[in-house]
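Before any comments, here is the structure.
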C-alpha cells in the first residue's frame, strides 16, 4: 500500500510518517530528508538544492521527481511506503500517477500561525540530528542537545521570514493539487492541529478503508 501525505511544513507529516513507519513497517520517503541527504553528501543535486532552499524557494519539479523515483526504485516491489511532501503540484501528481497509481492521498490541515510557531521554535543537534523545540520540546540546557550534548542550531529555512515565503509558495503551488484530488474523490482531509495520537487514529482509519 502507498500513502501520500500532503500538508505545509510543520503540519506534523514527518512525525506521523515515522510513527506509522515504525508500527506498520512502512518505508518513510520524505522529500525533505532526501534533499538534506543530498545536501549533506554534497552531490551535484545537493549543491543546487542548498542554494534554492536557503532562499526559501521550492525545489524544481524535475529535481524532486528524479530523487523520489530513484528512491522508490530502490524499495522492494511489494513493500508499503509513505510519501511525505510529494507530490506538491499537478506536474508531480501526474508523474506519480504514471509510476504509482492508486495510492491513498491524506491532506494535513493546519493554520499558518501554528505552523510558524512550530517551525520557528525548532532546533536541531549538529552532532546527532535529534530535533527539539523551544516551545514544545525544550532541552534541559538552552542550546545543548539532551541526547549527546552537541550544539543545537536553527535551520535558515526555519526562520520566520523564510517560513512565510515557503508557506506562500506552498499555497500557490498546492491549491490546484488539492482541487485535483478533491474532484476525483481521492482526498482524505485530517485536522493536524490536534494531538498526535488523534491524528494517528484518523490515519489508521483511512489506511483500513477500501478504495
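Even glycines carry a Cβ here, placed using N, Cα and C.
Feature annotation from Swiss-Prot assigns ATP binding site to 10, 11, 12, 13, 14, 15, 122, 131, 132, 194; the stated evidence is sequence analysis. In the shown protein chains, 19 other C-beta atoms lie within 10 A of the C-beta of residue 122 (ATP binding site). Annotation note: residue 122 (ATP binding site) sits in a strand segment as assigned by DSSP.
The region 'NMP' annotation in Swiss-Prot covers 30-59 and rests on sequence analysis. Remote same-chain residues near the region 'NMP' (30-59) are listed as 9, 13-14, 17, 66-68, 71, 83-86, 88, 156-157, 161-163, 165-166, 169-170, 173 (criterion: CB distance under 8 Å, separation of at least six residues from the stretch ends).
Sequence annotations record features per position, and here Swiss-Prot assigns AMP binding site to 31, 36, 57, 58, 59, 85, 86, 87, 88, 92, 155, 166 based on sequence analysis. The Cβ of residue 88 (AMP binding site) has 6, 31, 58, 64, 170, 173, 174, 177 as same-chain neighbours under 8 Å, each 6 or more residues away in sequence.
Residues or ranges marked as region 'LID' by Swiss-Prot: 121-158.
Under the DSSP three-state reduction, residue 128 (Zn(2+) binding site) is assigned to coil, being neither helix nor strand. Residue 128 (Zn(2+) binding site): 11 other CB atoms within 10 A of its CB, across all protein chains. The annotation Zn(2+) binding site is assigned in Swiss-Prot to 125, 128, 145, 148 on the grounds of sequence analysis.
Within 10 Å of the C-beta of residue 10 (ATP binding site) there are 24 other C-beta atoms, taking all protein chains into account. Of all the binding-site residues in the list 10, 57, 59, the shortest Cα-Cα distance to residue 145 (Zn(2+) binding site) is found for 10. Whole-number maximum of the Cα to Cα distances across the AMP-binding residues 31, 36, 57, 58, 59, 85, 86, 87, 88, 92, 155, 166: 26 angstrom. Each of the binding-site residues 59, 125, 148 was scored by how many other Cβ atoms lie within 10 Å of its Cβ, and the smallest score goes to 148.
Considering only the binding-site residues 86, 132, the Cβ with the fewest other Cβ atoms within 10 Å is that of 132.
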